[in-house]
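Asker: So TrEMBL lists these for the protein:
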- Lys104, Ser208, Ala209, Phe210, Leu211, Glu282, Asp297: ATP binding site (BINDING)
- 172-389: domain 'FAM20 C-terminal' (DOMAIN)
- Asp277: active site (ACT_SITE)
- Asp297: Mn(2+) binding site (BINDING)
Amino acid sequence: SRRHKLYREELNLTSPAAPLPLRPEASWLQFHLGISRDGLYPRSSPAVNRLLRDMQDFTTISADYSQDEKALLGACDCSQIVKPSGVHLKLVLRFQDFGKAMFKPMRQKREEETPEDFFYFVDFQRHNAEIAAFHLDRILDFRRVPPTVGRLINVTKEILEVTKNEILQSVFFVSPASNVCFFAKCPYMCKTEYAVCGNPHLLEGSLSAFLPSLNLAPRLSIPNPWIRSYSFDGKEEWEVNPLYCNTVREIYPYSNGNRLLNIIDMAIFDFLIGNMDRHHYEMFTKFGDDGFLLHLDNARGFGRHSHDETSILAPLSQCCTIKRTTLLRLQLLAEPEYRLSDVMRESLLQDRLAPVLTEPHLLALDRRLQLILEAVRKCIDTYGEAKVVANDTMQAEAPASDRAKPTT
């Protein structure tokens with residue numbers, strides 16, 4: 001910390017300019033005001049498109065650890081960590097107009113696959129997976145992933161020189177290759193060899209827009225009924241009992257309403273990206289028990305294009321039900337003229353870090369889509385279409401009372 005203060009004095013650095021006054025037309029605010037019971041944003045939302053551009057272009061005015069990392073700093077014995085690496089390293093970056101985004105730095109090259117022997121809960125987190133997950137979620141018309149973009153961050157000017165957190169300041173160093181690097185403190189990593197480094201200052205990363213604060217828009221975090229065992233031995237009931245869904249259907253809120261159908265939507269999304277780590281899901285309390293599920297923290301997706309983890313589809317294959325709107329969208333994306341890999345490829349070209357995914361990952365989406373449709377066909381053959389395909393209707397635009405309201 002003392003060295004950092006001397007460094008700033010030697011360079012005669014001054015504090016960043018004060019944030020601009022909040023403008024009603026700010027993309028961050030318009031994104032928050034557009035959240036409804038139908039999703040995080042309306043289809044073809046101009047506010048989201050502006051927000052994506054602003055996250056790519058706006059100047060960083062502060063950087064800090066996220067709240068969960070602050071709570072855990074120093075609260076563990078690093079020798080007890082299963083895999084002593086900084087797979088969770090992330091920072092909160094603030095921009096002008098009160099914008100705020102979660103920054104996850106690049107830890108793996110795009111062509112690197114997750115090693116076969118890795119457990120899902122010690123897998124790397126990938127910045128490009130966060131970006132690709134947002135695009136896929138939008139293509140599927142779920143609109144449950146916060147807007148996310150890729151950006152080249154100057155770690156010196158846009159993190160080190162604007163942070164006021166002395167712990168964050170203290171973990172910066174210059175590598176033998178003259179690159180500026182930083183690393184996380186306990187409990188995520190304690191060694192400089194697990195740092196992330198610029199080249200020499202620029203570092204790729206993903207920026208995910210923050211949701212409204214919990215004070216303004218409270219959320220619930222709920223355990224996934226199909227949670228995995230986070231240990232090296234033992235299995236959860238759903239992994240050994242093919243009739244597990246019958247038990248889930250007897251438990252409120254999965255016994256009626258859309259909650260179970262939303263869980264299956266989430267499982268389909270996770271299967272497409274290869275994410276095995278969906279231990280919890282979040283919901284806005286404002287929209288009640290039938291509100292949509294937020295698809296947050298997708299950085300463990302797109303790890304192995306060569307492997308399809310069909311156990312992720314357990315909610316679909318065990319419950320044998322799916323929304324008609326979801327099925328119709330999947331069937332459309334299986335048509336040659338609307339092939340999912342082609343639509344994703346075109347969508348990802350909009351990001352400045354393109355190509356975001358390698359070609360094998362794009363082609364894996366088509367293969368996994370066929371596996372989903374095959375699972376639905378098996379269910380229909382067994383139980384009939386009327387019992388498998390739920391006739392959900394496209395809800396009308398949410399009333400004004402269901403929308404966020406600006407406060408003074």
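A Cβ is built for glycine as well, from the same backbone N, Cα and C atoms used for every other residue.
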Asker: Among all the protein chains here, how many other CB atoms are within 10 A of the CB of Lys104 (ATP binding site)?
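Answerer: For Lys104 (ATP binding site), the count of other Cβ atoms within 10 Å is 26.
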Asker: Look at each of the recorded positions, Ser208, Ala209, Asp277, Glu282, Asp297, and point out the one with the fewest other Cβ atoms around it within 10 Å.
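Answerer: Relative to the other recorded positions in Ser208, Ala209, Asp277, Glu282, Asp297, Glu282 has the fewest Cβ atoms within 10 Å.
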Asker: Do any residues at least six apart in sequence from Leu211 (ATP binding site), in the same chain, have a Cβ closer than 8 Å to its Cβ, and if so which, in order?
Answerer: His32, Ile35, Leu40, Pro146, Ala217, Arg219, Leu294
Asker: List nothing but the largest Cα to Cα distance in Å, as a whole number, among the residues Lys104, Ser208, Ala209, Phe210, Leu211, Glu282, Asp297 that the record says bind ATP.
Answerer: 20
Asker: Just how many other Cβ atoms lie inside 10 Å of the Cβ on Phe210 (ATP binding site)?
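Answerer: Within a 10 Å radius of the Cβ of Phe210 (ATP binding site) lie 16 other Cβ atoms.
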Asker: What does the structure give for the C-alpha distance between Asp297 (ATP binding site) and the residue listed as 'active site'? Integer Å is fine.
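Answerer: Cα of Asp297 (ATP binding site) to Cα of the residue listed as 'active site' measures 9 Å after rounding.
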